[in-house]
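Visitor: Below, the features straight out of Swiss-Prot:
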ACT_SITE  75  active site, proton donor/acceptor
ACT_SITE  185  active site, proton donor/acceptor
BINDING   12, 13, 44, 45, 76, 77, 186, 187  substrate binding site
C-alpha cells in the first residue's frame, strides 16, 4: 500500500475528538480515518501529567500498528502535555489542537473572552504561553469545566442536566458583555446549542476544529500524501472501553447535524 492510501489516525481521551473528525472528513472526503477514543480512562483533564503521557503513547502505538500516515491528537489536554514528545518519537505528521484564542481576539468585538477548558489544559505552560500573547490587551478569563466531558461521554449533550451545568458556570457573567467563548476541549462543541441558549446567543462560539483540520490538509498536501483517486473515504472507530454502547454513541455523534 502506498503511503497516500494509508488512513489518518485520530485520538482523543473519549468521544470529544469526533467533533474534530467531522470537520476533517468534510475537508478531506476521499481519506480513510481511524479514530481511537480512550473512554475507559476519560477524563484526562484531571489526571497527572505522566499518566496522560503514558495513555497518549499507548493510543498512538495502537494507531501506528494500524499503519496510519498521520496523527491528529484531537484532545486539548493530550496536546498540551505530549505533543512535543510525540513528534520526537514518531516519524509522521502529528497535528494537535489548542484553544482557538487568536480567532477570538481577531473578531475585535470588545468584551470578555471566556476560554472553557479542562483544569489540566488551563494549568499547562503551553496555555500560559498562549495567554501571554494577548493578556495585556484583551480581557480573557479561563473557565475550568470539570465534569462536563464525563456527561458528554454518557451521551448527555442536551436537556436539563447540561443546561443547568452551563447555567451555573455562566451565571456570574450575566451582567457582563461577552464577546466570544472559546471551546478549549473537543467534547464541548456537542453542547454548543445549549450554550447558545444559556448565553442568549449573544457571544460568538469558537472552537479549533476547523483550524486543526486545515493544518492536517496543509501538511498532507505539502508532503504529497493526499489520496488522489475519486472515492468516498470511510471512518472506523475504536474505543478502549470495547463495548457496543460507546461505539454506537461515537457514530451517533459523528452523524449528528
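The backbone N, Cα and C atoms fix where each Cβ goes, glycine too.
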Visitor: Given a separation of at least six residues and a C-beta threshold under 8 Å, show me what packs close to residue 186 (substrate binding site) in the same chain.
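Guide: Looking at Cβ-Cβ distances below 8 Å from residue 186 (substrate binding site), excluding near sequence neighbours, one finds 12, 16, 17, 18, 19, 20, 74, 75, 76, 97, 207, 209.
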Visitor: Within 8 Å of the Cβ centroid of the substrate site residues 12, 13, 44, 45, 76, 77, 186, 187, which other residues of the same chain have their Cβ?
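Guide: Near the substrate site, the remaining chain residues are 14, 16, 17, 42, 43, 75, 78, 118, 121, 149, 185.
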Visitor: Taking the Cα atoms as reference points, how far is residue 45 (substrate binding site) from residue 185 (active site, proton donor/acceptor) in Å?
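Guide: Pair distance, Cα basis, whole Å: 9 Å.
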Visitor: Need the DSSP three-state call for residue 13 (substrate binding site) to compare against my parser.
Guide: coil
Visitor: Are there any residues at least 6 positions away along the chain from residue 187 (substrate binding site) with a Cβ closer than 8 Å to its Cβ? List them or say none.
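Guide: Counting only residues 6 or more apart in sequence, the Cβ neighbours of residue 187 (substrate binding site) under 8 Å are 14, 15, 16, 19, 148, 149, 152, 153.
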Visitor: Sorry to bug you, but what's the C-alpha spacing from residue 13 (substrate binding site) to residue 185 (active site, proton donor/acceptor), rounded to the closest Å?
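Guide: Counting only the Cα atoms, the answer is 10 Å.
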Visitor: Provide the three-state secondary structure of residue 75 (active site, proton donor/acceptor) computed with DSSP.
Guide: coil
Visitor: Max CA to CA distance in Å over the substrate-binding set 12, 13, 44, 45, 76, 77, 186, 187?
Guide: 12
